[in-house]
Amino acid sequence: RSANATHEVINVTLHATLAATTKLVVPTPAKPILPVQTGVQAQQEEQSSGMTIFFSLLVLAICIILVHLLIKYRLHFLPESVAVVSLGILMGAFIKIIEAQKLANWKEEEMFRPNMFFLLLLPPIIFESGYSLHKGNFFQNIGSITLFSVFGTAISAFIVGGGIYFLGQADVIYKLNMTDSFAFGSLISAVDPVATIAIFNALNVDPVLNMLVFGESILNDAVSIVLTNTAEGLTRENMSDVSGWQTFLQALGYFLKMFFGSAALGTLTGLISALISFFNFGDTHHIDLRKTPSLEFGMMIIFAYLPYGLAEGISLSGIMAILFSGIVMSHYTHHNLSPVTQILMQQTLRTVAFMCETCVFAFLGLSIFSFPHKFEMSFVIWCIVLVLFGRAVNIFPLSYLLNFFRDHKITPKMMFIMWFSGLRGAIPYALSLHLGLEPIEKRQLIGTTTIIIVLFTILLLGGGTMPLIRLIDIEDSKARKRNKKDINLSKTEKMGNTIESEHLSELTEEEYEAQYIKRQDLKGFMWFDAKYLNPFFTRRLTQEDLHNGRIQMKTLTNKWYEEVRQGPSGSEDDEQELL
């Protein structure tokens with residue numbers, strides 16, 4: 001009997017253990033296979049997609065002609081983003097009149113699709129921004145930029161979101177719950193000072209101010225997207241039985257996972273591309289793509305988009321990953337490439353990013369007539385007040401805090417310009433359309449308010465930046481002597497006329513040691529990078545490498561010149577002018 005009782009106890013224990021284990025180890029459900037449309041449905045979808053592509057390219061072509069006219073007639077005082085948004089508004093009004101007369105129906109084609117923005121338009125813009133951070137002392141100001149872009153964006157999001165929530169609870173404005181308020185505060189905190197940066201470059205303002213505004217806007221976009229995704233994640237889950245403190249910890253954990261996981265993935269991808277390009281040399285290695293720039297360029301384009309797809313596939317932030325990948329590839333990988341590939345990367349990324357930005361700003365103007373709106377005056381006014389107040393709480397206290405640790409102080413004038421340059425752009429607009437808010441009137445209210453805030457900051461704040469800089473006398477002394485006619489706000493003209501020599505630099509071992517290793521003013525990450533990381537991930541060129549690079553460029557130039565001479569305009573005057 002004792003033995004039987006023991007066996008029964010063991011059996012009961014085993015069954016209980018197996019039951020508990022079965023509950024803990026839940027089988028992963030198989031991913032659903034999306035239905036593939038065939039027949040008539042596939043043809044209709046293909047026709048609809050074709051018309052959407054045609055309409056988008058037509059709008060883009062008109063915008064390119066507009067930018068060309070701005071450059072041709074030297075309307076340099078008008079930022080291109082403002083001009084494109086204005087053109088989009090006029091095109092939207094024209095299409096609305098055509099639809100009212102029942103001459104055509106473009107409602108489906110003119111609607112802005114958030115998926116197209118996040119998959120096709122935004123990645124090239126973000127990668128090119130990260131790839132362009134070589135232009136200045138980004139790493140020397142990395143601490144200040146990180147503080148503004150991460151903590152400052154979070155402060156702004158909490159102030160805007162909290163203000164909207166409490167004002168709604170007081171029945172002052174339209175009532176939103178906590179997660180929806182925080183989602184809107186996060187998306188509206190994404191700054192896009194395209195017009196401001198153009199003005200900074202035209203007036204030659206303090207380079208530190210330029211880099212602080214530019215660097216903050218780049219990282220800020222990614223942080224804002226991660227914060228918005230965090231709020232969306234909380235909205236999708238049932239948080240009714242969870243306390244406020246647990247909700248905060250869950251949101252913080254999700255944000256940290258998205259931020260650091262995506263940043264690590266992008267950094268790792270960029271470093272792998274640097275190692276591949278590092279071993280892309282000479283006769284002693286199996287792979288040498290430098291001799292075929294088209295293949296080398298193709299490999300770099302693959303690595304440019306690779307982290308975005310991987311991060312999105314494993315539920316991380318593709319925007320954060322592609323941003324850090326662009327920064328790392330600019331700092332290490334770019335200097336291992338052949339001169340031809342360097343020029344191809346620089347010009348191709350600029351062109352693609354310009355086309356994507358132009359398309360987004362044009363659809364932003366079109367959305368005024370194509371988007372179903374819900375307008376509430378009190379909600380819009382209080383949101384603008386909270387956005388400006390949140391930006392002020394972000395900039396001024398953090399600047400005073402940073403001045404305790406900075407050698408180059410952030411002056412009160414610089415703080416005011418940084419606060420004033422907090423323009424909103426395409427990312428808040430796309431995020432507002434991406435939110436799955438219910439009921440539909442709530443989504444329409446958020447979208448309409450976002451469009452008004454974006455247009456308010458671009459047209460009024462962006463248009464007032466140049467007079468403000470002149471009024472408070474923050475521009476460079478040389479720029480102050482210029483005539484107003486010499487001010488050029490055309491970003492496209494400057495992009496097309498220059499190839500940045502500092503991004504094409506190739507240093508020998510002796511030149512690198514003299515320029516970086518022996519400098520005594522390098523501190524922190526800059527010293528560690530110059531001492532260890534840069535020598536490991538970038539290859540110092542020999543005199544033979546430099547000689548071969550010059551021969552390659554000379555051969556291509558001679559070949560191009562011969563083809564030009566054989567063209568239809570082969571007059572002696574033209575050839576002499578070309579020479």
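Any Cβ shown, glycine's included, is placed from N, Cα and C.
The structure displayed is predicted, hence computed values, not measured ones.
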Of 180-203, 300-323, the range TrEMBL labels transmembrane segment: 180-203
Recorded stretch that, among 77-95, 379-402, 414-431, 451-472, has the most CB pairs under 8 Å to the transmembrane segment (352-373): 77-95
Contact call for the transmembrane segment (379-402) against the transmembrane segment (451-472), three or more Cβ pairs under 8 Å: yes
Seg_contact(the transmembrane segment (414-431), the transmembrane segment (451-472)) with at least 3 CB pairs under 8 angstroms, min sep 6: yes
